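So that you can see what the record holds, here are the features copied from Swiss-Prot:
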type	residues	note
SIGNAL	1-19	signal peptide
TOPO_DOM	20-229	topological domain 'Lumenal'
TOPO_DOM	251-302	topological domain 'Cytoplasmic'
TOPO_DOM	347-365	topological domain 'Cytoplasmic'
TOPO_DOM	387-397	topological domain 'Lumenal'
TOPO_DOM	419-452	topological domain 'Cytoplasmic'
TOPO_DOM	474-485	topological domain 'Lumenal'
TOPO_DOM	507-521	topological domain 'Cytoplasmic'
TOPO_DOM	543-553	topological domain 'Lumenal'
TOPO_DOM	575-592	topological domain 'Cytoplasmic'
MOTIF	581-586	motif 'Endoplasmic reticulum export signal'
Amino acid sequence: MRLPTTLLLFIGALIFSGAGTVRSDASDHRYKDGDSVPLYANKVGPFHNPSETYRYFDLPFCIPEGVKDKKEALGEVLNGDRLVSAPYKLNFRDEKDSEVYCKKKLSREEVEHFRRAVEKDYYFQMYYDDLPIWGFIGKVDKESKSDPSEFKYFLYKHIQFEILYNKDRVIEINARMDPHSLVDLTEDKEVDAEFMYTVKWKETETSFEKRMDKYAMSSSLPHHLEIHWFSIINSCVTVLLLTGFLATILMRVLKNDFMKYAQDEEAADDQEETGWKYIHGDVFRFPKNKSLFAASLGSGTQLFTLTIFIFMLSLVGVFYPYNRGALFTALVVIYALTSGIAGYTASSFYCQLEGKNWVRNLLLTGGLFCGPLFLTFCFLNTVAIAYSATAALPFGTIIVIVLIWTLVTSPLLVLGGIAGKNSKAEFQAPVRTTKYPREIPPLPWYRSAVPQMAMAGFLPFSAIYIELYYIFASVWGHRIYTIYSILFIVFIILLIVTAFITVALTYFQLAAEDHEWWWRSFLCGGSTGLFIYAYCLYYYYARSDMSGFMQTSFFFGYMACICYGFFLMLGTVGFRAALLFVRHIYRSIKCE
């Protein structure tokens, strides 16, 4: 237990040290009257397309003198954050009333640029003393008109800041756009714009330590919690009923099988065996494509370990709201540090299956998940570059990730592979395998791989689909998700149901005298990932307002990688459960 605990503390310390948080220049967040408080403009973009964001000054706002880019951590860059010094001066407890910071004549091209942005519901994001600020840049006045050509477009030119403070610390900031101070963008003509801002300070009793609670509470409101707990209870009841029903049948059938086989042993020796005992000489025959199978188990085990560590960090409060860069940092760091687990698992299991080319197996393990992810990233990063979006990673960040993969991930993968190869573990089979495989009898269509995968994936998916909406709304929207304890319960339910349904289907497969259960159990366990991807289609077209080539490609591209990861992880869980079950039942009977 000491190694996982030490690793968790190391990762947490690394993330807390600044790898993913938006840190101000004032490290202690204490200010005197008139002190400059850091204010950074982050990004702008269509409200319904969270991946399609641009630099704040890509819109033709007034660019002040001495604009500086903030040095960002890895997680911030991966999150698409591009912070620059903002044009507003919000010094501590310094009130301002309609102060003009810029007068500008907008050209026809700039008016058209702003109008397109307003039409797409562009919003902006800033950070003031690490606190997030949002607002829309303009509004569309439709006035009950159905013809879009008659709509009027306006740009907000007056932003009103209300800042709450407690003694020498900033506690909260709100930004409101003045609905009466507008610039008409409807016509393609030059327009004079006078941008201004107002600052009001108010004292509050809220402590500095609780200033982020406001953002976490939005997902913990009573009616939201009721929905989450209702979904949990509904999932638990459904799962208990279905798994209980299957367990009862399976236990009864197994009991009858054991009694039948015990009686057969006392009967005549020439009596023909039937059912799963009949194939005892083939059930532990190693699967085809041993190297790919072992690599899949190695990658799935690594992703399972990664998920557990992410849950541990979330439950101790590392991923608080608007510290989303920390999640990306944690994913990169933990994936790199756990690559040795993939190497060890794949190599040791491959050697147990009497594989000879362990180097090839190790290369396959290293590229099985990273390969598709890298190809997807290359395509999507090219799209982001074409759009000049902040999602396009800078060359320096790509070099950092390549160095992490080269100097950390790959060496640990090789070390784990060498350790697995030298473990000298033998595959534990309770019965001997015959020299020649038995022929599998003809089976009905519903016992083939695809129908079995459909049945195996539906039950686990039904246990998590309600919670999926909130996760999607957080990852691909602006909803805040902080109820990690509920999400962890859902994850445990998912694992239990996946393991159980895979065991049940494996038994029915063996009972039909089909001994090729290795790959089938893995595919059945991982099929929930396919259901999640099908849900992506439903969510995109029915529950979201995302649009455009970039957002569509980002959504389906990265969700394909995530669902593929779930496929490998849950496939590993399903196979491990099935292997324990098969070993148990064949250890419980006497086979010649």
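For all residues, glycine too, the Cβ spot is worked out from N, Cα and C.
Mean pLDDT of the predicted structure over the topological domain 'Lumenal' (20-229): 89. Counting residues 6+ beyond its ends, the topological domain 'Lumenal' (543-553) has Cβ neighbours under 8 Å at 46, 48-52, 379-380, 383-384, 387, 389, 391, 469, 472, 476-477 in the same chain. Residue counts for the topological domain 'Cytoplasmic' (575-592) by DSSP state, with H, G and I taken as helix and E and B as strand, are 13 helix, 0 strand, 5 coil. When Cβ-Cβ distances below 8 Å are used as the criterion, the topological domain 'Cytoplasmic' (419-452) is approached by residues 278-286, 340, 343-353, 358, 505, 508-509, 512-516, 520, 523-524, 583, 586-587, 591 of the same chain, each at least six residues removed from its ends. Per-class residue totals from DSSP over the topological domain 'Lumenal' (543-553), listed helix then strand then coil: 6 helix, 0 strand, 5 coil. Tertiary neighbourhood of the topological domain 'Lumenal' (387-397): same-chain residues 43, 45, 51-55, 58, 74, 77-78, 80-82, 380-381, 550, 554, selected by CB-CB distance under 8 Å and a gap of 6+ residues from either end.
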